[in-house]
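**Q** Feature list, courtesy of Swiss-Prot:
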- 45-280: domain 'Glutamine amidotransferase type-1' (DOMAIN)
- Cys134: active site, nucleophile (ACT_SITE)
- His246: active site (ACT_SITE)
- Glu248: active site (ACT_SITE)
Amino acid sequence: MVVANDLSSKILPRVLIVSRRTLRKNKYVDFVGEYHLDLIVSSGAVPVIVPRVNGIHSMLQSFEPIHGVLLCEGEDVDPSLYADDELSDLSPEDMEEIKKAHAEDMTIDREKDSIELTLARLCLERNIPFLGICRGSQILNVAAGGTLYQDIDKELGTTMTTTNHIDYDNYDGHRHEARIVEETPLHKLFEEMEIMVNSYHHQGVKRLAQRFVPMAYAPDGLIEGFYDPNRYDPKEGQFLMGLQFHPERMRLPGSDEFDYPGCALVYQEFVKAVIAFQKKQVNATQVEMKRKTTTLVKSFSQAEFLEANTVLSKQQENRLKQMGATVRNSCVYMKRMKMKEEQERAMDKLSAERLSDMLSFHHMMARLCSNAIKRKLLEPEHTDRTIESSFFLNY
């Protein structure tokens, strides 16, 4: 856990969390569970809430920089986003029963789907750390090309072993068994092969996206956790994990103490990856800025020797003076060019007769100057400067 005093002098990494919408006093209200926020803050990151507002999916670039994304609970994911290539065995009668049993959860929120799928795909493309809890894990699977059961009881309930994945009368107290796969991150975090997990969902992973590997199963065979083995190294800023259960709610009755230390460790490892990712991004930005600065300095009168906080030699000081002279000369040159252009415009306005008179005058002045120079060259004091004077004659 990060001490608050240590955070005041740092710019902390940002973790985006999409809010959920509910109806209160005849008005929609957005909210995010404080359990998630507390765990993110105590682990050393800043939660940035993305409001579930119409049109926000097209404004997500304005939330940059994004160092991590946490997606959590919410309504069912729209089946049209993943079920196009698989025929459902659910009949119209089945769908009616499901709606009656899970009326609130089956209210599709397409704006939230759009926001969260966009963020999940962004994380997949840019290797941004991602943690998906409950619905968030389903979004991650769909974003990567996987599919979902529209209703576990109807589609998976025919197996020999059944599991109660939801208890509307006992949200926090409900538990069911989950068997952890050995040598997976979840096994290392919980140090157990079997744990009792809290969950409330009627959908779940049907076909796991190819890039993911299961970390835990319910007794009925439903995947309770998965990760990308090629994208999991928190110290290096890599974290891509989905958990169907709720580690943030797995607490002892009447206490804030977790059922297992691994519940908080999930968030701590996630934020560890977020911090490492931010550091990499900052370093990459600094390298790019240094590269651009070096290019600029090199292009400025070939001043490769310029480095910050370096004592300059006499030669380097002279080169700096030359650079200054170059800048001054270039300014004079530009002024002369401007004057020349103005003079040319003025000459264009003169008549041919006037221009002819001016040309004759300049030829006469040239002859007079030439004769004067020849006379001076014949004088004794100028005999040792013949070579220099010949230059002017030729000119």
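Just so it is clear, glycine is given a Cβ too, placed from its N, Cα and C backbone atoms.
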**Q** Along the domain 'Glutamine amidotransferase type-1' (45-280), what average pLDDT does this model show?
**A** 91
**Q** Including all protein chains shown, what's the count of other C-beta atoms within 10 A of the C-beta of Glu248 (active site)?
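**A** Summing over all protein chains shown, Glu248 (active site) has 24 other Cβ atoms within 10 Å.
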**Q** Give the sequence-ordered list of residues that share a chain with His246 (active site), lie 6 or more positions from it, and have CB atoms under 8 Å from its CB.
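**A** Same-chain residues close to His246 (active site) (Cβ under 8 Å, separated by 6 or more) are Glu73, Ile133, Cys134, Val197, Asn198, Ser199, Tyr200.
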**Q** Let me check the 10 A CB neighbour count of Cys134 (active site, nucleophile). How many other CB atoms are there?
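**A** Within a 10 Å radius of the Cβ of Cys134 (active site, nucleophile) lie 24 other Cβ atoms.
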**Q** Which of the three DSSP states, helix, strand or coil, fits Glu248 (active site)?
**A** helix
**Q** Using DSSP reduced to three states, classify Cys134 (active site, nucleophile) as helix, strand or coil.
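**A** In three-state terms, Cys134 (active site, nucleophile) counts as coil.
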